[in-house]
Amino acid sequence: MKIAPSMLASDFTRMGECAKSVNAADWLHLDIMDGHFVPNISFGPDVVKALRPLSDLTFDVHLMISHPKQYIRQFAEAGAEIITFHVECDDDIDETITEIEKYGVKPALSLKPGTPVECLYPYLDRLYMVLVMTVEPGFGGQKFMADQMEKLRALRAKRPELILEVDGGVNRETAPICRENGADVAVAGTAVFRAENIPAEIALLRGE
């Protein structure tokens, strides 16, 4: 299982150093929040662009915003390699996927814990990945929702080759649950950035 440290849990006064500190990981997860789709605001494309030269990891950009389509170009040009947006957003899903593909970026969809997994089914053939939220999006450090594992199993049965990512409350205790239920990638924030030995913690979360 790949590990994608979430920059939302990093020290914002030392973001560059924090990005470098997780080079033992696989992806770098960048949460973009607009204060509308979720209550808080994080950072935008300029921060992603500034971090890009500091990391060789895959940039996994998660747009928790109401109108993702208008920002796709900015994030693609900033260095995003995967762009995830929410099935609950206000934009047309197919048009937004097309916009992501236009810039040579891999498209992904996410869904909140309360959203039925079936909402994703019409789009699965066009997606590189699905991100299953295991907390309510918008805040770090929340408790892992194990009931969301049903969605992973359903998606794996529906489309075996789809990359499945889990985001929220991932730590030493919950990472094995994600692995056992078919997660390919786990986003981990607090567990990684607060670890005494970050490379060792990443290896532990991977299951090594």
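Each Cβ is built from the backbone N, Cα and C atoms, and glycine gets one as well.
TrEMBL lists SER6, HIS62, GLY138, PHE139, GLY140, GLY141, ASP167, GLY168, GLY169, GLY189, THR190 with the feature substrate binding site. As annotated by TrEMBL, divalent metal cation binding site applies to HIS29, ASP31, HIS62, ASP167. According to TrEMBL, the feature active site, proton acceptor maps to ASP31. If you look up TrEMBL, you'll see ASP167 marked as active site, proton donor.
Where TrEMBL records a feature, it is marked here on the structure.
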{"residue": "SER6", "record": "substrate binding site", "Cβ neighbours (10 Å)": "25"}
{"residue": "HIS29", "record": "divalent metal cation binding site", "Cβ neighbours (10 Å)": "29"}
{"residue": "ASP31", "record": "divalent metal cation binding site", "Cβ neighbours (10 Å)": "24"}
{"residue": "HIS62", "record": "divalent metal cation binding site", "Cβ neighbours (10 Å)": "28"}
{"residue": "GLY138", "record": "substrate binding site", "Cβ neighbours (10 Å)": "18"}
{"residue": "ASP167", "record": "substrate binding site", "Cβ neighbours (10 Å)": "27"}
{"residue": "GLY169", "record": "substrate binding site", "Cβ neighbours (10 Å)": "24"}
{"residue": "THR190", "record": "substrate binding site", "Cβ neighbours (10 Å)": "16"}
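A strand conformation is recorded for ASP167 (substrate binding site) in the three-state DSSP classification.
A distance of 17 Å separates the Cα atom of THR190 (substrate binding site) from that of HIS62 (divalent metal cation binding site). In terms of Cα spacing, the binding-site residues SER6, GLY138, GLY169 that come within 10 Å of HIS29 (divalent metal cation binding site) are SER6. The record gives HIS29, ASP31, HIS62, ASP167 for divalent metal cation. Within 8 Å of the mean position of their Cβ atoms, the other Cβ atoms in that chain belong to ALA4, SER6, LEU8, LEU30, ASP60, MET64, THR84, LEU131, VAL187.
If you take the Cα of GLY169 (substrate binding site) and the Cα of ASP31 (divalent metal cation binding site), they are about 15 angstrom apart, rounded to a whole number. If you measure from the Cα atom of SER6 (substrate binding site) to that of HIS62 (divalent metal cation binding site), you get 10 Å. Counting only the Cα atoms, the space from ASP31 (divalent metal cation binding site) to GLY138 (substrate binding site) is about 9 angstrom. Secondary structure at ASP31 (divalent metal cation binding site), taken from DSSP and collapsed to helix, strand or coil, is strand.
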